[in-house]
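Per TrEMBL, transmembrane segment is recorded for 6-25, 37-56, 62-85, 97-117, 129-147, 168-192, 212-235, 289-308, 329-347, 353-372, 384-405, 411-429. Taken from TrEMBL, the feature domain 'Cationic amino acid transporter C-terminal' covers 384-433.
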Amino acid sequence: MYSYSAFNEITAFLVFVQLMLDYHIGAASISRSLASYAVALLELFPALKGSIPLWMGSGKELLGGLLSLNILAPILLALLTLVLCQGVRESSAVNSVMTATKVVIVLVVICAGAFEIDVANWSPFAPNGFKAVLTGATVVFFSYVGFDAVANSAEESKNPQRDLPIGIMGSLLVCISLYIGVCLVLTGMVPFSLLSEDAPLAEAFSSKGMKFVSILISIGAVAGLTTTLLVGLYVQSRLYLGLGRDGLLPSIFSRIHPTLHTPLHSQIWCGIVAGVLAGIFNVHSLSHILSVGTLTGYSVVAACVVALRLNDKKDRESSNRWTSSWQEGVICLVIIACSGFGAGVFYRFSASVIFILLSVGVAVVASAVLHYRQAYALPLGSGFSCPGVPIVPSVCIFFNIFLFAQLHYEAWIRFVVVSVLATAVYALYGQYHADPSMLDYQRAPETESDA
């Protein structure tokens, strides 16, 4: 919606496709982890210990490790998809209980594991250097998807202008604290090189003889990952439903089952895509192509904040400009994004610091142009609005694209290939079937003094 109203239809469609693929890959990764924790839970029973085949849990390696066959993950996805096809109404009370349960388990993990920490495991603290830290940041960036979903509850908030910023920032700070706490405990208990990729928490505590905590972790992980998958698959199908109604995707995605009252085709499609990915790729492989859509989407949203606030009054005051105020603003945003990518690439490949500073300097100049040469309309209504426009969005774009440059090569290839395919779909189908009346968001209106 933001991309469509601020820029154009094809930009919005490209952002949708990149984000949706991130959601599909995320669902596949979560289902692989869910399968591993489910197997770890089953192996607590002596009769099943060591008797569950690899293709049910961590996966059986094929083609020299290129593929990893797993049957349980697609089966779990199929079951959850079947449940969602029947119609699921999650109450806020159930969500609150599940969230509280997961947070309690995380706190138990941190508190119990803190007594088993060996500080020698933290030396060196960054064994692969700071560049590896940045690469890791791009991979786990996907973990922060969902905070933006709080905005979807605006209609259910008594005072959204006040409640939503508090909810988003509060949950973000809490989760950051929990993430850091778990990571410190985990790497302090077991050397990072010995950690399991599939069920690291449960295995770390089992290796320390704390089987009761391992059981608790497995139960909490199965419950938590199941609800996460349910919500994730539910949201994905509704996004396909919206694009189907807009005409950018075939109308089959917008069909509602007459009896179940659910978007059956969209839901089944989401389950199939995630199931195929989960069935042949392990978490390690999937993580290499994650976060592309998230970094791209968040960058575009930041650009939209600037584009939607741009006021074209200067065009009327100075008609001899070679381009409009809005076009100049968009050009500056593109320059900032390119500078962020350039700085990221130069840093990644250990280029001279002069090139990095040059890239930063270009971004600073473009931001200054945005700040001093543009006029911005104030958003309607009272309450929260993004502060520091255009500086805050510019900084956001620069650092997001800087992180984008640290992604694995597979992620770059994925971005290019998916963008080309998405453009082809839009060119051959979307542009001819899209219904502009379905999207009627407008830019920030002019103030009375500008009219």
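Cβ from N, Cα, C; glycine included.
In TrEMBL, annotation is done automatically, which means it is predicted and not curated.
Between the transmembrane segment (329-347) and the transmembrane segment (62-85), fewer than three CB pairs separated by 6 or more residues in sequence fall under 8 Å, so the two stretches do not touch. As a summary of secondary structure, the domain 'Cationic amino acid transporter C-terminal' (384-433) carries 39 helix, 0 strand, 11 coil according to DSSP. Using the rule of three or more Cβ pairs under 8 Å, pairs at least 6 apart in sequence, the transmembrane segment (168-192) is not in contact with the transmembrane segment (62-85).
Taking every recorded stretch in 6-25, 97-117, 129-147, 353-372 and counting its Cβ pairs under 8 Å to the transmembrane segment (212-235), the highest total belongs to 97-117.
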